[in-house]
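Visitor: Below are the structure tokens for one structure; questions will follow.
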Amino acid sequence: MLGYFDPATDAGTPPVESTEQVRLTIDGQSVTVPEGTSVMRAAALAGISIPKLCATESLEAFGSCRLCLVAIEGKRGTPAACTTPVAEGMTVRTDTERVQRLRRQVMELYMSDHPPEYLSRSDRSDCELQDRVAQVGLETVRYGFEGRNHLDAEVDDSNPYFQFDPAKCIVCSRCVRACDEVQGTFALTIQGRGFDSTVAASQDDDFIDSECVSCGACVQACPTDALLEKSIIEEGLPDHSVRTTCAYCGVGCSFKAEMKGERLIRMVPDQDGHANHGHSCVKGRFAFGYATHPDRLTTPMIRNHIDEPWREVGWEEAIDFAARRLKAIQAEHGRESIGGITSSRCTNEETYLVQKLVRAGFGNNNTDTCARVCHSPTGYGLKMTLGESAGTQTFDSVMHSDVILVIGANPTDAHPVFASQVRRRLRQGATLIVADPRAIDLLHTPHADPGLHLPLKPGTNVALINAMAHVVVTEGLEDQAFIDQRCDPDAFQRWRRFISEERHSPEATESETGVPADRLREAARLFGTAGNASIYYGLGVSEHSQGSTMVMGIANLAMATGNIGREGVGVNPLRGQNNVQGSCDMGSFPHELPGYQHVGLEDVRHSFELDWGVTIDDEAGLRIPNMLDAAIDGDFRGLYVQGEDIAQSDPNTQHVEAALRSLDCLIVQDLFLNETAKFAHVLLPGSSFLEKDGTFTNAERRINRVRQAMTPLAGKADWEITQDLSNALGYPMHYSHPSEIMDEIARLTPTFRGVSFEKIDRLGSIQWPCNDEHPEGTPIMHETDFPIGLGRFAVTEYVPTTERSNSRYPLLLTTGRILSQYNVGAQTRRTRNDTWHAEDVLDLHPQDAEDRGIRDGDWVGITSRTGSTVLHAVVSERMPPGVVYTTFHHPVSGANVITTDNSDWATNCPEYKVTAVQVEKVHQPSRWQQRHEADDRQQRAFLTGSLAVPEDE
Amino acid sequence: MTDLEAITRRAIDDWVDEPGALLPILHAIQDQLGYIPPSSVPRIARALNMTRADVHGVMSFYHEFRSEPAGRHVLQICGAEACQARGCRELEAHTQQRLGVGYHQTTLDGDITLEQVYCLGNCATGPSVRLDDRIIGRVTPQRMDRLLDGIATVPLTIQPAGGEG
């Protein structure tokens, strides 16, 4: 099925829940529907299609187009079916002669101010209006086309992905309502009145200059060609579609990839998607151009040394070269001298295979994943307290929350589709509390009460969460029944004594956190007295020296207030990358086999050993930072990196680069020549999410299917490459399809026991644990007990980071993301999303700027004790004084040249969120940046087999 | 802080806690400045937890609200039924031709802004017009000419055209 609006399935108005059922008759047919349902929806459910333009079931009924007129016995006139609720015994006729005549007349008026060619059906367009013209049987317009009209209106093509042609607009408000109700941005309006009414963005701005965030909900909602994807204009309509899962953030939106042969024409969010319900963001819907970008690597390449040009070779030669080198290293330096890094962007099956290759093929546990540098504290902290390394809820659960606490996360930018859902709930009246140094956009949710902002100093999370728990405990806001039934009493008493100490009170911690005590008390009381209070957190929690402590502090607060185990509550890490939950689940960590089963447990090892036919090392292997240190020491010499760019994303870039330079064999498997690949000896071209089958697991533990829509550009899916490498190394793998890999995962992982491709295809998606007890998965975790039996309160002593501001480095740098770019930017930088964010900038408070004579747009040097870099300054009120902020989407920004080696005490997750820096006005990029630029030119020249360095492009 | 900012801020402060504050704020600003500067819109939106689009939608719906300064004089011609019956269409054509502007436009010299209104409550003596705060009935094209001549004799030369209103 093509197109997102299908009259056959779109019932016109949203479903209504009611305990009362109403029976009515439509066109002689008896229909029973919940009370409050519209006549239009009731008719649709009975298989009767009433023509409509302004109605769609993703939006509330509006009643503006007047096309859905019907006759209702005993009622005067012809009411609109979309805005008329059903009533017991009602008799509706949808097809009387009068109704048909009226509809034709309404349509005739629309068409009198519409380009005449739309009167006839065309295959060129997917304009719904044309379908309705045919449905009502309009053939000519008696008024002609000469009267006043809007046909000369100017097209707004300012947005890189879609255009707005007012000449084709019927002012039905569907776009305006989609922007309001679905996206929650309220960037569109109807300006003027009467004949002059037109759709306008913000203050009649071009779309690109307006408040529009380019989510595309308006384009999807438009029933005409007024709002239309440029790809459709340029390439025509798609001819088939493939249901798949977005490869950007951890929301994991379901999409229909609409294809024309092997070309992807557009991505349309799937109404049936359990994570996104038909919505998407600018990245998922529009930013897919990278998948076929000319920069894609399509041929395997090898070289003996990183100062040499690359040599294009066949797959066999490349794999052979890699295997020989790895074997030689192990022969000379021992079994432990090589390792692998799994990708949080590849599928579960591919990630599983890499860690299996390391454990079974390399014969060690030197496997890690990029979750090391993002959510490893989540895995650790939640496992220690709640017993499972994952978020407890579905996204939909937030619609039942009364208080929503967001800590160190910026959902409108990093998890936009979930942010739209939160905003919907806030507009319904839920209360928002935000703990973040910056005033994030969620605090400015249009048409919702302003949230309560706790602007804490970076690095003081634990002091803040302890203070909140202190208020809960000392003011008697605990949920004693929950604690008695569900939590370990000794651990609770220990924690209670600890947290009750006066030194944790908001008044005592105020000077440390910077959050006024009364405001913190208010937040704690709101949280403690809410019916349903939920916590959503991001990397602002985990990427600290006390990341794991903070995660446990969050779990403590949720348990103490009884906010675990039902809809509307819970502890919810917002995972960054599409499959970072999955890569953790799949045994990527050096100490855990798939399903978080510790390698030290003999029975666990035994089951894998039986299945894999090898002996598994009973010692945990090296973490990424250990691998890098060992590389510099000369003990670690070979690394296989699957789709991750540690040279850009990991902290202290110069240290990472030195480590990579020390390796004898670096194998990089990626879509592009990324920063890490510049230090590689073997380049294995990876495949995009459009080119393979598999599964991604999103932040709500939802396993979604990824389905192949086009042939891999380089000929192989990533799992096939890993399999070839394994075979070349002498450990045989013979999978013919990723579903066989999932079958193996299910066989060996208790929480995945019931998972299969067949079941996911049947159910749409599955939230793990999926086993005999929960054969269709587990939407809400910990409903009756915890996997560890009783919940364990953890004593969370606040230990300030050693990274403090001082006279030499008086400011604190924190890092984050923005909407249009994703992670290291390898994908989004190769799309037209650069329109919004062509470079990383440094945000700083006006006072800090003034003190240093810095004005908006100046070059500023940012220096920490590790290094320095240069960015353009943006003077911004959203920053608190003393805190500066940047993103790391562009390699040349060198954001990680300045971040330090500090890391979480339990998991080594880097302290990206706190770096003491000085900022000053400068006139040119830093030395590192100048060197980086020269190296970058050299390495790109090597790619074409050339030694010469090209002139500046 | 400019006057304009001060006026916007005061209007917001006066009304922000009232339900339905948008219209009173827009009125307060227009009463003082004669128009609502587009640069005020983001501030109003932010204060009311709305968006620029929301405010623009409301402002543009009411012809009363202007986003740029009006001419020195505002001339409104009634276009409602009673005045139509008494020949206001002819009057409006004549006036538009004489001034060289359409409705909701201002003459090039910044002298007169011409507007259409629906009913000045003066139906017994149509066609009716309002010149600034004065309602005038039984306006024929000739009488309109005299009215316009009358304001044209105001010593225009000492006032520069345009300006901040």
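The backbone N, Cα and C atoms fix where each Cβ goes, glycine too.
Copied straight from TrEMBL:
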DOMAIN    A:20-98  domain '2Fe-2S ferredoxin-type'
DOMAIN    A:98-137  domain '4Fe-4S His(Cys)3-ligated-type'
DOMAIN    A:160-191  domain '4Fe-4S ferredoxin-type'
DOMAIN    A:204-232  domain '4Fe-4S ferredoxin-type'
DOMAIN    A:239-295  domain '4Fe-4S Mo/W bis-MGD-type'
Visitor: Excluding the flanking five residues on each side, which residues at least 6 beyond the ends of the domain '4Fe-4S ferredoxin-type' (A:160-191) place their CB within less than 8 Å of a CB in that stretch?
Guide: 53-54, 56, 58-60, 62, 64-65, 110, 114-115, 118, 127, 129, 150-154, 197-202, 204, 207-208, 210-231, 233, 278-279, 282, 285-286, 419-420, 423-424, 427, 445-447, 832-833, 835
Visitor: Hey, which bits of the same chain come close to the domain '4Fe-4S ferredoxin-type' (A:204-232), Cβ under 8 Å, at least six residues off its ends?
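Guide: For the domain '4Fe-4S ferredoxin-type' (A:204-232), the list is 4-5, 53-54, 56, 58-59, 114, 118, 125-129, 132, 156-170, 172, 174-179, 182-183, 185-188, 191, 265-266, 268-269, 278-282, 285-286, 416, 420, 819-820, 835-836.
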Visitor: Based on DSSP, tally up the residues of the domain '4Fe-4S Mo/W bis-MGD-type' (A:239-295) by helix, strand and coil.
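Guide: For that range the per-state counts are 9 helix, 21 strand, 27 coil.
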Visitor: Could you please provide the mean pLDDT value for the domain '4Fe-4S ferredoxin-type' (A:204-232)?
Guide: 96
